[in-house]
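These features come from TrEMBL:
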- 39-162: domain 'Type II secretion system protein GspF' (DOMAIN)
- 134-161: transmembrane segment (TRANSMEM)
- 181-207: transmembrane segment (TRANSMEM)
- 243-364: domain 'Type II secretion system protein GspF' (DOMAIN)
- 345-366: transmembrane segment (TRANSMEM)
Amino acid sequence: MALEINQKNSTIVVKTDAGKVKLPFGDAKKVADKDRMFFIEQLALMLETGSDLHTSLNVLMKQTDNAELARVIKALCDDISEGKTFSFALAKHPQVFSTTYTSLIAASESGGYIRRILEHLLIMEKQRQALRDTLISAMSYPAFLMVFSLGMVVFILAVVFPKFGTLFTSIQDQLPITTLYLMAISRIITHYWWGIVPGCFGLIAVFSQLIKSEKGRVLIDELKLTTPFIKHIFLKIYLIQMMRILALSLKSGVNLLDALVLTKDVVQNIGFIRFVETLIKDVTEGRKLAYGFNHSGIIPPIVKQMITTGEETGNLALVSDRIADYFQQDLEKLLKLLTKAIEPIMLLVMGVVVGVLVSSLILPIFKLSHAVH
């Protein structure tokens, strides 16, 4: 997505590069999300008290602790001093302020309601942060259990088993098959760790590059929308992202076509982006938005019905907000249930794995004790 700025006419035109798809959160940012949110919140507050834009930016520049954000705010102040519009100034810092910010601010400038748009943007940021926190919270404990289990297995095989190796040699013919296999794995780990460790890092690096490649990204994105159960989680996430931007854009006075183009900058799935492109094509050709939704195979029936109703009643922005709220609540419930279901399963798997490892040590010790007596 590219941004074309016409300072003379104070307009911003959003264009889409056909061959490229920009995924959000992919580029490293020196300004953290929390710092940007604090800046937006403070700026909206100062504008509400009656301060002009330049004065507000000057004050915020002096009080921020983030050096990069202070540099950006100073550049904004300089542009405002030279008579540039706020949207024009923001557009020069895409690493901090996305196309969504720039376009919505541009739409608000002609009507003189920048503060209101800043408040809407802040709400959107907080909702997005809440969604991100929900996802992290749902995955953190299972991830910890997985890493802990793997660490325990490696410790037993690399440290504990070798200590019993010579002890078990005398009864090797009587050892259980699991003990023999685990002893073989233990020998491989202890003798070839110098090749295994770099090899693991190498595999991770190769896998990371495959995911980042065009074909790899397309495959992963396709699996997100086709894998049973998983697809329901990701579809909800994409609908939440799309509907939040659509609602905010329409509330800001952006026309439907431009609002749809803006949603492409936040949706993180190539397959879903193609769906949005279909909607853009339909609207360009004069069809209603509901037409594209109703002819999609991935959109839930409730969304199709609500979009149709929203268009017919002229409340598309409100309906889009309601859809996002509904799916965010639904997603939170689903992730809580998923976490509750995964925890006992992972604990059971951990118990079985550790049980096999421990029994593979204890049984031979009993046999050895019998042999001594």
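Every residue number used here counts from 1 along the chain in the order it is shown.
Just so it is clear, glycine is given a Cβ too, placed from its N, Cα and C backbone atoms.
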For the domain 'Type II secretion system protein GspF' (39-162), the number of residues DSSP places in helix, strand and coil: 102 helix, 0 strand, 22 coil
The domain 'Type II secretion system protein GspF' (243-364) - residue tally per DSSP class, helix then strand then coil: 100 helix, 0 strand, 22 coil
